[in-house]
């Protein structure tokens, strides 16, 4: 199915899309966190960020004169054997006169601080925007209308037009910027450094543990209902539900890795964000009915457009390159997982031939062999490790919580 509607070519500039959703409150908060999500360096020891534009995140609630502040470096670590391990730095934005460097004037030199301002901003003024209380307000997604950071940095894509339930507080009850629930913000903060592809699989596992476990009968029903209504249950391969992958015709999406892992492949969850809903498919498609000997065939042609300035544009392109006509291939960065702990049970009579009647010498296990067995991971340990992968690996695709849409799961 191809995926809004196609339009003719034009030389006119691309339209500016005005995004809705939660906005930073107009009145300052008593918290101490940045209003915005972090910029994340792609490599260790990356230089401070440089910006194509002003470097000030979009916030339409502030006057132009107030559009100035600083980016502050935050060292990050992940746990590991023998202690913590450094991962690439994060940079957080604060308005002048707020945050950890509230005592500095705009432009004062200090290590780990990068000052930015919009054209026409009054950098001698100090902001009354305050900082964020994480218990009341969620992070606001970064948007740069005049150009973002250089290629050494990235940020997780969080859409701001996805409806979520709000948390009623005195500070936000009268504002249109009511924040998502505390549980939602806690989940984003605690997993902000995890690889999103791994987190996609973890969310499915967590949902099953919390009472939404799919029974064998339910999974079988999901996989064998009417073809156009099927969904892939956990533990099923793609071809078990939708048939073998092909090239150049229907059923051409998915490489061998995706076929084997099914819904556990985080790329599936990410791409579901681009798939039209049933209503969008029906009312936003070009519908072509055709009578055939076996019945009525309905063809739906729908086009989903991912803007080139979307922070995840390159990632979506990469997945399409891997998975469209991807049968017989695997991602280049798909490394084999560690083997599970070998089963040390002795063979039973039913599983092995009777031994010869001779005395066998006992093999003495070396200490090195014992150590290797101890270091082998159980399947549970492998799964936990996969959930703890951080975004400092150069080939890891990071999606942001937006890739894990509630409706798609």
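If you go along the chain as it appears here, the first residue is 1 and each next one adds 1.
In case you wondered, yes, glycine gets a Cβ from its N, Cα and C as well.
Features as listed in Swiss-Prot:
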COMPBIAS  15-31  compositional bias 'Low complexity'
COMPBIAS  164-179  compositional bias 'Low complexity'
COMPBIAS  180-192  compositional bias 'Basic and acidic residues'
COMPBIAS  358-367  compositional bias 'Basic residues'
COMPBIAS  368-384  compositional bias 'Basic and acidic residues'
DISULFID  320-323  disulfide bond
DOMAIN    31-156  domain 'CoV N NTD'
MOD_RES   190  phosphoserine
MOD_RES   378  phosphothreonine
MOD_RES   379  phosphoserine
REGION    1-32  region 'Disordered'
REGION    29-160  region 'RNA-binding'
REGION    44-63  region 'Disordered'
REGION    120-145  region 'Disordered'
REGION    164-193  region 'Disordered'
REGION    226-333  region 'Dimerization'
REGION    326-409  region 'Disordered'
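Summarised by DSSP class, the composition of the region 'Disordered' (44-63) is 0 helix, 1 strand, 19 coil. Here the disulfide-bonded residues are 320, 323, and the one ringed by the most other CB atoms within 10 angstroms is 323.
Break the region 'Dimerization' (226-333) down by DSSP state and the numbers are 44 helix, 16 strand, 48 coil. Taken through DSSP, the region 'Disordered' (120-145) splits into 0 helix, 4 strand, 22 coil.
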